[in-house]
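Okay, structure first, notes after.
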Amino acid sequence: MNNVIPLQNSPERVSLLPIAPGVDFATALSLRRMATSTGATPAYLLAPEVSALLFYMPDQRHHMLFATLWNTGMRIGEARMLTPESFDLDGVRPFVRILSEKVRARRGRPPKDEVRLVPLTDISYVRQMESWMITTRPRRREPLWAVTDETMRNWLKQAVRRAEADGVHFSIPVTPHTFRHSYIMHMLYHRQPRKVIQALAGHRDPRSMEVYTRVFALDMAATLAVPFTGDGRDAAEILRTLPPLK
């Protein structure tokens, strides 16, 4: 497992990893370090980090679960309710139907406001999901991941341990919910409108997006290059020529 770039030990190569058009990994990593230093911004992974972490999930069932969290931003409880029937992979615009966790305790057809559709825009992920379903042949209404939340967390911990044993380290704690934060940040990096991301993530309150967008406020401030230091001697000479204030 030595063909993954160590994420902290090769700065020259790391800086070349793309995050989004016009954004490199080194810059995004520095911005994340600044944004999360106060604890106000949720911890998130960048795209190369997610790719590396998925690499250390050789079990396809584990891999496809976390690839699904990454590609959709859904909550872990929502993922547990997914069935093959939830996915539409054959059309021109593949998508997944996500049921609100509130639906779990009810029977019958869920209300419209408790179902959301999320486009699957990564064709590689769509092909992987198709292949996995063909191989495993689950029943159409059978949950794809009928396991406990704790089991899912253990799968993730195993992958993190494999990565660390191979010299790949992550600078933030990684949990299943990290993939949701990572999805939202990835969409923001790709300049998707806030209201669109809010709808896809299932956030009812627009203010919930503010914890993510403040990262880009820091980025904007950092790139303005506003100078504050001047030549004190020259300033004093200029001020000396002015009449005294009355």
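For all residues, glycine too, the Cβ spot is worked out from N, Cα and C.
Copied from Swiss-Prot, the annotated features are:
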type     : residues : note
DOMAIN   : 40-225   : domain 'Tyr recombinase'
ACT_SITE : Arg75    : active site
ACT_SITE : Lys102   : active site
ACT_SITE : His177   : active site
ACT_SITE : Arg180   : active site
ACT_SITE : His203   : active site
ACT_SITE : Tyr212   : active site, O-(3'-phospho-DNA)-tyrosine intermediate
TODO: Whole-number Å only: compute the distance from the Cα of His203 (active site) to the Cα of His177 (active site).
DONE: 14
- [ ] Within 10 Å of each Cβ, count the other Cβ atoms and name the one among the active-site residues Arg75, His177, Arg180, His203 with the highest count.
- [x] Arg180
Open item on the list: Give me the CA-CA distance between Arg180 (active site) and Tyr212 (active site, O-(3'-phospho-DNA)-tyrosine intermediate), in Å, as a whole number.
Closed with: 12
- [ ] Taking the Cβ of Tyr212 (active site, O-(3'-phospho-DNA)-tyrosine intermediate) as the reference point, list residues of the same chain whose Cβ is under 8 angstroms away and which are at least six residues distant in sequence.
- [x] Thr41, Pro42, His181, Ile184, Met185, Leu188
- [ ] Using C-alpha atoms only, work out the spacing between His177 (active site) and Arg75 (active site) and round it to an integer in Å.
- [x] 7
- [ ] Sort Arg180 (active site) into helix, strand or coil using the DSSP assignment.
- [x] helix
